[in-house]
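These come from TrEMBL:
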type     : residues : note
TRANSMEM : 7-26     : transmembrane segment
TRANSMEM : 38-57    : transmembrane segment
TRANSMEM : 64-83    : transmembrane segment
TRANSMEM : 89-111   : transmembrane segment
TRANSMEM : 123-144  : transmembrane segment
TRANSMEM : 174-194  : transmembrane segment
TRANSMEM : 253-274  : transmembrane segment
TRANSMEM : 286-306  : transmembrane segment
TRANSMEM : 313-333  : transmembrane segment
TRANSMEM : 345-366  : transmembrane segment
TRANSMEM : 378-401  : transmembrane segment
TRANSMEM : 407-428  : transmembrane segment
Amino acid sequence: MVLQFSYGLVYTFGNLLPYLASYLRWKVDPQLNDGSLIWFQSFLAGFPFAFLVGAYLEKLIGARWGAALGSVLYTGGLALSYLSIQKSYFSLFITLGIFSAFGHGVAYNCVLTQCQKWLPHRVGLVSGLITAGFGSGAFLISPIQTKFINPNNFNVDANGYFTQEELLERVPKMFLLLAFIFGTLQFFALIFIGDPKPQEMLLKNESEQENARIDPRILEHRLSMASCVSYTSTIHYNAPTHSKSAILCSDTFFFIFVTLMLNDIWVQTISGFYKAYGQTFIHDDFFLATINAFAAVFNTISRISWGAIADKFSYQLSMSIACTFGAVLMWTLGLVKLSGSPTLYFVWICAMFCCVGATFSLVPYAAHRCFGSDNFGFSYGCLQMAMFAAGIFNALGSQFLLSIIGFQIHFTFIGFTMFMSLLLTIFVSRTQFGQLAI
């Protein structure tokens, strides 16, 4: 969870967006806008093939070394962003949007796959706990970013950008601060990444002295029974086993892939624009950063809760509830602005981040259930490509349409992505492997 905490920069991007856009407009290109910066979030959320590379490295060199390699790329990219943001938009995209994003994807999948090996019978809970670490990063990092960059609580101008030079000059240094914090956490957390001991070794280590005092015939019977239990448990929790081509060609994979893509368009919209939208009627930078911090708490807790709910009930029921609430909350966001209440906006964003947590806790659960634990790294890595596709759609819409149609109409369209996901989730049980999701 500590490693995933350090990889959770993407959930602070909504807090960072006004600072980055303001700095680049001041230093590099006055024509840049918020929509242009969403490309960074899109790549941080799901860099193409990074998760597949992580799955391959986890099997080739082990989870610890795979995560270490990803961490070096991720943190190194952040440190280099101190220089690149002062040069050009493109150079910042290379260090933050490619190096850091690729490293995060590699390390994320290594850690998630490894942790599921420890509790194969509680995959929903494990997925929730590990992804909760990822979602919790914003709780501490967002306030740190705001206090470091904007200690005087300056407000944006009429165009929605900061113009105070003393604030803007701190933006590049923020990347060095984040690289130091994340690098320190990763160095110590990687020490504790390891494989669980085989069942036979656990039996030997835990009962070696007791066995010496037990009658050999009784001992033989106990070991035989333990072996049977271990064997049947392995069959149960590893089932089903399918070929990679069968997984990719199945309609179940297609349904889950599109569900993740649609949900992630919704996720990237709210996590990327919550602050920019809030600044249109809330003139308190500290308060907006506080919203992000508490939203991270709800994101974290909800991931654990959704995973536990899926273990008890099903993926289909859990995801249907999340999609319904997500659509309704997005469609009614404009009413919150009309009320002019910062408190109500706080409640709405926190509730929406509960739906964010559902997506990234339940999709790994569905992949494990439908496609098997042996193929989890591969199947989930392929599913993560949906996040890259979502990022492309979201970035194009944000850059070219948002300035024309405005936030209200944009949010209305985005609400329908969750509605379409709801329909896919309802019918997933009729697909090839979908019975395992109910």
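Including glycine, each Cβ sits where the backbone N, Cα and C put it.
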Given the cut-off of 8 Å on Cβ pairs that are 6 or more apart in sequence, determine whether the transmembrane segment (378-401) and the transmembrane segment (286-306) share at least 3 such pairs. no
Which stretch from 7-26, 64-83, 345-366 shares the most C-beta pairs under 8 Å with the transmembrane segment (313-333)? 345-366
Beyond the flanks of the transmembrane segment (7-26) by at least 6 residues, Cβ under 8 Å: 32-34, 36-38, 40-41, 44-45, 74, 78, 85, 89, 92, 100, 104, 107-108, 133-138, 141-142, 145-146, 149-150, 156, 160-163, 165, 167-168, 171-172, 174, 178, 182, 270-276, 279, 288-289, 292, 296, 299
Any chance you could find the range in 38-57, 89-111, 253-274, 345-366, 407-428 with the most Cβ pairs under 8 Å to the transmembrane segment (64-83)? 89-111
When each of 38-57, 253-274, 345-366, 407-428 is checked against the transmembrane segment (89-111) for Cβ pairs under 8 Å, which one has the most? 38-57
In the same chain, residues at least 6 away from the ends of the transmembrane segment (407-428) whose Cβ sits under 8 Å of its Cβ atoms read 252, 255-256, 258-259, 262-263, 265-266, 269, 273, 277, 280, 315-316, 319-320, 323-324, 326-328, 330-331, 333-334, 355, 397-398, 401, 434, 437
Close approaches to the transmembrane segment (38-57) from elsewhere in its chain (Cβ under 8 angstroms; 6 or more beyond its ends): 9-10, 13, 17, 20, 65-66, 69-70, 92-93, 96-98, 100-110, 113, 264, 267-268, 271-272, 377-378, 380-382, 384-388, 390-392, 394-395, 398-399
